[in-house]
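Each remark here refers to the structure printed beneath this line.
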Amino acid sequence: MNRGGGSPSAAANYLLCTNCRKVLRKDKRIRVSQPLTRGPSAFIPEKEVVQANTVDERTNFLVEEYSTSGRLDNITQVMSLHTQYLESFLRSQFYMLRMDGPLPLPYRHYIAIMAAARHQCSYLINMHVDEFLKTGGIAEWLNGLEYVPQRLKNLNEINKLLAHRPWLITKEHIQKLVKTGENNWSLPELVHAVVLLAHYHALASFVFGSGINPERDPEISNGFRLISVNNFCVCDLANDNNIENASLSGSNFGIVDSLSELEALMERMKRLQEEREDEEASQEEMSTRFEKEKKESLFVVSGDTFHSFPHSDFEDDMIITSDVSRYIEDPGFGYEDFARRGEEHLPTFRAQDYTWENHGFSLVNRLYSDIGHLLDEKFRMVYNLTYNTMATHEDVDTTMLRRALFNYVHCMFGIRYDDYDYGEVNQLLERSLKVYIKTVTCYPERTTKRMYDSYWRQFKHSEKVHVNLLLMEARMQAELLYALRAITRHLT
C-alpha cells in the first residue's frame, strides 16, 4: 500500500489506470475545469437538483432550523429530492450533534471524523474538522489519533468492526470499553458514540453512492479548482467519469434495452405478487432461499474486484492520503463476505430474535433519551416512502421492491427475516444493481458513475437517490442491531 500527502480535501481509495499513475507520481492534485465538478453531485445533472430546490421552500426552512453548518450543503441539496425524508434526517442528525446528550460537542465531531475515515470520505472529514474546531475542539487532535485522549483511541476497535464486519462485535468488546478505569465509557456515552459511528459510516455510503461533490470554495474565481483524486481515476474525471474499459462493461453490466428492462421488472413484480397470493412457502423453504441468496452474494462482484479482471488497465493500487490515514488504525481491515466460500461461518442473525422495534429502540431510548424516536421515524420514513411511480409508470405499488433492497443489504450482513421470501431478491434485483448495492454498502469509496448509470437506466435520478437512502438506512440499522445486541448481552 502506498502512502502520500494530499490536499486537505483528499479522499483515499481509488483505481489507477496505468497512464494516470505516471501523472500522479508528479502531483497528487490534478487541475480540472470547474464545470466538471459543478453542482452538488457528479452523477446527477445540476439542473435536476436545482429545480427541486427552487420549487421547495420547505428545504430552506429545514436548513435554517436543523443544519449544523447553517447552509445548504451538497448532501442536503441531493436529499432535498425527497423533502419528507430530509426532515427526518436533519432532525436526527441535529439531535445527535447539537442537542443535550452524554458526549461533549467536540467529541461528537471527532467521532464523526473517525467514522468517515474508515471509508476515506474526505467530504465528511472536512465538514467535521470545521465543526470540531467551531465547537471548541483542541486543534492538536487533528494531527492524528496519537494526539487524542486514550478513551477516544479505545473506540478504534468498535469503529473498525462496525464499519466493515459488525457481526464480529461481542459483549466482550463492550465490557472492555465500559470497564472501571480513568478511560472508561459510560453506557450512555457509548450508545451515543455507536449511533454517531453507524450514522457516519452509512452517510459515507450515501456520499459516494450519490457522487456528492466537494463543497465549492467561494474564494476560487478563475474557473479552475485544484481537486484531489477521489474514488475516480483521473481519466474518469477528465471524461466525466465515462470509463472506456471493456473489463467494466462485460457480463456484469450487460447492455439491455432499458425500456424492455423496465417492462421486464414490472412483469416480474406482477408475477411475484400473483404467486404470493396463490401459495405461501414453508419456513424450511424460506430458510433455504435465504442461505442460497447469502451464498450467491459472494459471487456478486463489487468495486474492488474490478482489479482482478485479467489484463485490466487498472492496477491494484490503493493510496490513502496522510490527511485520512492519521485518523485510521489498521487501514487494511475491510469488509469480508459474511458467508465466505468453503467455510463454516458465524451463525445467521435472526431478526426476530433481536429486532429494532422490540429491542434496539427501547435500549437506545433508555440510555440516550429521544434519539430512539428520531431514528425510528427516519427508518420508517425511508422504508415507507413512495410516490407510487416507477420511471414513467404511475400507480405502482413499489413495496415489494423497497423491501427487496432493504433486506438484500441486511442479507449481506448476515441478518435474516423469517417472514421474507429471499427468492424475491433474485427476481427483482438485476445483477448490475446487486453490484452497485454491494459496492455502495460495503466498499462505498469504490463507487463510480459507471456503476450508478448501469442499473435502472429508465428511472429518474430522484428514484436512484431514493435507492441510496434505503441502502444508507438499511446499513445503519444493521450496524446498530449488532452493536445494541452486544450491549444487551453485556447488561444481562
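Cβ atoms are placed via backbone N, Cα and C, with glycine included.
Per Swiss-Prot, active site, cysteine sulfenic acid (-SOH) intermediate is recorded for Cys121. Other Cβ atoms within 10 Å of the Cβ of Cys121 (active site, cysteine sulfenic acid (-SOH) intermediate) number 29 in total over all chains.
Classification of Thr389 (L-leucine binding site) by DSSP places it within a strand. Annotated L-leucine binding site per Swiss-Prot: Thr386, Tyr387, Asn388, Thr389, Thr398, Glu463, in sequence order, evidence recorded as similarity to another entry.
According to Swiss-Prot, the feature region 'N-terminal domain' maps to 62-243.
Sequence annotations record features per position, and here Swiss-Prot assigns region 'C-terminal domain' to 310-492 based on similarity to another entry. Mean per-residue pLDDT, taken over the region 'C-terminal domain' (310-492), amounts to 89.
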Other than Thr386, Tyr387, Asn388, Thr389, Thr398, Glu463 themselves, what residues in this chain have Cβ atoms within 8 Å of the centroid of the L-leucine site's Cβ atoms?
Met390, Val396, His466
In the three-state DSSP scheme, Glu463 (L-leucine binding site) belongs to helix
Rounded to the nearest Å, what's the C-alpha distance separating Asn388 (L-leucine binding site) and Cys121 (active site, cysteine sulfenic acid (-SOH) intermediate)? Just drop the number here, would you?
33
Collapsed DSSP category at Cys121 (active site, cysteine sulfenic acid (-SOH) intermediate):
coil
Under 8 Å between C-beta atoms and at least six apart in sequence, can you list the same-chain neighbours of Thr398 (L-leucine binding site), or say none if there are none?
Thr386, Asn388, Thr389, Met390
Looking only at Thr386, Asn388, Thr389, the binding-site residues on record, which one has the least crowded Cβ, with the fewest other Cβ atoms within 10 Å?
Asn388
For Tyr387 (L-leucine binding site), list the number of other Cβ atoms lying within 10 Å of its Cβ atom.
13
